[in-house]
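Over in TrEMBL, the protein carries these features:
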COMPBIAS  706-719  compositional bias 'Basic and acidic residues'
DOMAIN    28-135  domain 'Cadherin'
DOMAIN    136-244  domain 'Cadherin'
DOMAIN    245-352  domain 'Cadherin'
DOMAIN    353-457  domain 'Cadherin'
DOMAIN    458-567  domain 'Cadherin'
REGION    699-753  region 'Disordered'
SIGNAL    1-30  signal peptide
TRANSMEM  643-668  transmembrane segment
Amino acid sequence: MGAGAGSGPWGQLFLRSLVFLLLAGPPARGQLRYAVPEELEHGAFVANLGEDLGLDVSTLSARRFRIVSRAGARQHLEVNLENGILFVNERIDREEVCEGGGTCLLHLQLLVESPLELYRVEVEVLDINDHAPTFPWQEYVLEVAESAVLGARFPLESAQDPDVGTNSVHTYRLSPNGFFSLEVQTRSDASKFAELVLERALDREQQRVHRVLLTALDGGVPERSGTAHILVTVLDANDNVPAFDQPSYGVSLPEDAPAGTLVIQLNATDLDEGPNGEIEYSFSGHAPPRVRELFHVEPRSGQVLLKGRLDYERASLHELYVQAKDRGPSAVAVHCRVLVHLLDVNDNAPEVTLTSVSTPVLEDAPPGTVIAVISVQDRDSGDNGRVSCEVGPNVPFELRSSFRNYYTLVTTQALDRELVPEYNVSITARDMGSPALVTRSTLTIPVSDVNDNAPRFLQPSYSVYVMENNAPGASICSVSALDPDCQQNAYLSYSIADGHIHGMPVGTYVSINSDSGHMYALRSLDYEQIRSFQIQVQAQDAGFPPLSANVTVHIFVLDQNDNAPVIVSPLVAPDTGELRTLRSFLEQDASRQQLVVQVRDGGQPALSATVSLLLSVVETMPQTLSDFSEFSLPPEVSSSSPLTLYLLVSLGSISFTFLLAILILTAIRCRGERPSPDGYCYKVCLGPESAQSDFMFLKPCSPPRNNEKDPGKRSRPEQHLQVSKEVTQRPAGLSSTPQVPPAPSLSLCHEGSQARLLPENNRSL
């Protein structure tokens, strides 16, 4: 894996990784582990996740296959969605990613949707030997008394190597000399340090200074090394050297101890007096730099004090090497080891990382749909590092544990965006420490709309009243519907369902604005032709699939006074339907009379119609109606309209019937018991359509009474009445009635569907 998988160090790393994977066996479903060396370039191959997980590579992009990482975390690894290969996204420095020693793991959470599957992947970052051992100083001085006994040990400065395992400091070498040898020691953390051992007695008079070269070597391939020059100065004999109570000390210290805390009180004694008995304490040369940052040794008192901030999670043990020497000439230092064990304190609250998976969530998502992946970390150990996680009450979500410290947030019931469009889910992480530390985070989950609501009209039906004679294109009403969905699922369009009104398509009568629901009349409506009709209006949303609703609109046409009365028969009067004479016809009365009858309605404005009646008083019924030709009619009346022709035909029929009645009456009278100078009573009945005429002879008129004062003014015997009519319609304000002289007591009445013409003195008949 990576470049250079052949011979050399890269090839050996590749073989190590391959052996690691083979020994690990086939990965369990949802759990994979790989190894990759550090310092690989961008694009270096790590693993074929698509093949190892058994995924269809062609669907990885559609299913949003991805690595879920904590917010702000560096993305060292990435997945190629085209082939499912896990590759190096940016250079990995193991010493930067994992400060401490031991195994360095990158924990990856892999997600694939539709359906959602969760995988845990661990990638071990293998150390490469990219650092050589180094010493704090390139040269330092070691003072040894000439009286030092053979086998005396003198700790030397330790080399530092940030690599781990075999790539760290493995051993030390000393340049050949005749007085000293080298012995390598191992600390509790497996690190190595060297001690100089005196093999031959020193003689200051013969050689005051000895120079040796110390080399530190790591165990990497190829081997790397670092060197330091040691200058051994031989001092005059000092009778007594300091001595510690014990060569090694152990102490426990809570990690939250403040700076200045006393770690340990060291005590070394020297039997000499004066300056030769005064002891000074200090760190030995091979004390690690981290120890010097955290602790301080008081030179005169021997107290070891805490200087920096401890962190159990970074290092639970610190190893201190302290030396003591007197202030006399040719002073020789002695050493002791102090092991400081840190006690874990619940000083780290749980860290909650919320990673959204599928938000917003569809409102029709089934129960069990994964909404988010939640990782919880606590840097403490033991109970202080064990964490429980829960969600707040009254929300349709719950947490399910997938891996250690990983949870999935899933739905527990169906959602309804129209009721709750958004949820704020409170997630609480609590450790098991005493006192427990709690971390609360809030995850906002919007609910995405689904077209699950059909439009709903504001009314179950609409009743619209439209005045007739409306202008085409005028707005007649507006319908409105609501849809509780949102966005395109709530966008409504209106339409009119197909249908017919009096045999015509409904679209020829009304139209509707598809956006606003305003309805318009496409033609002028006429109350006398159509008084009401109904249409079906549909409201449909723009969802997929679309949903719709229908409503019935009832349209009622209101009447306007736009039609003048039409006189079908000239014998119809305004109130009673009768036309009567005020008196009997006299000798001096004109034999021809012209009457104009006006009929007016009660509308606003009022409309009217007129009819002209031509009356001729004759002794006997003429054979023709030529006498009526002398009457002149108004121009509008004489027009050859269908109504005028209709009336003339009716009057002709009446005249013929009237003549026939006179002849029959004359014959009957000649056979009567007694003659009478008076005329006979008669009645002419006309149908409302003037198409049928009926003449009925009733009985002779009664003779005049003896006390009649004016016998000379009696009605003419056997007077006959000829009637001709002409009808004219005009507005009420323009009608005019010509003045005509009083006529004999002649009645023109209208009963039911017939009109009567009879003398006044025979009305009861």
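Backbone N, Cα and C atoms are what each Cβ position is placed from, and that goes for glycine too.
Taken through DSSP, the domain 'Cadherin' (458-567) splits into 7 helix, 50 strand, 53 coil. For the domain 'Cadherin' (458-567), the model's average pLDDT works out to 93. Under DSSP, the residues of the domain 'Cadherin' (353-457) split into helix, strand and coil as follows: 4 helix, 55 strand, 46 coil. Taking H, G and I as helix, E and B as strand and the rest as coil, DSSP gives the domain 'Cadherin' (28-135) the counts 11 helix, 41 strand, 56 coil.
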